[in-house]
């Protein structure tokens, strides 16, 4: 017999029903979120590891294909530091924030709005996601003012205003805006803006259904367990009792400021978990912590 063009299933292997269960579990979420806006802050290891970068692009593309409007705001601090080093520029941080002079802001623009942004766009487009790379300077998207400690940090800004019409124009056209967090003021001074802060401001301005932070943190930890859901009252109590400490405090405070601004839910997930984005959005258990204003009970996973 000539070589067969048919193909057998592997001996002893039967289709795994768990895959079907996962797909069915996702269906009500797909219906619920169709036409809604998700703002995703993309950072951490998920931006550095090649496998995780491709998985993120696939996940984002799938969200868009099922009718969710996706807006991405990305970081890129490591890339900025590497470029600065190559150019012989000194990198200085004060309380974890980059001191940004005129030379450094040029590096920020070149790196964030250049290679970092375009690499993300390319990966998403290779999966058919129709991404477009922009910065806060495009179409007057992000108006900024100097940060409170600008005398020390230099050209580090905070968001004053978001041009939602431009973002809506892109998402309504089926595109995925990938935004470099740079803004400028009325005197055309350009500012480096913290990506977390920019994502939160954009989510509030768009009245997004979700703001999702992708980082290297599993979620909000209480003892040796991760909170699946945390409500505002419990968060305040955990901070007061010293259960939530350190760098998690500003994350929690920012999350509830965002919810107070009209965003539906805020999520904190670990981008090192394979398909963390889809698991958080489309499964009952999720993988990280979701912040809500009120919940019937505290759920620990």
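Backbone N, Cα and C atoms are what each Cβ position is placed from, and that goes for glycine too.
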Matching residue for the substrate site, where Swiss-Prot names 76, 77, 192 - out of 98, 165: 98
Inter-residue C-alpha distance, residue 251 (site 'Transition state stabilizer') and residue 192 (substrate binding site) (nearest angstrom): 19
Which of 76, 77, the listed binding-site residues, has fewest other Cβ atoms within 10 Å: 77
Span of the substrate site, taken as the largest CA to CA distance across 76, 77, 98, 192 (Å, rounded to a whole number): 12
Neighbourhood of residue 98 (substrate binding site) by C-beta distance under 8 A, where only residues 6 or more apart in the same chain count: 77, 80, 91, 92, 104, 153, 156, 192
Distance, residue 76 (substrate binding site) to residue 41 (site 'Transition state stabilizer') (CA atoms, angstrom): 11
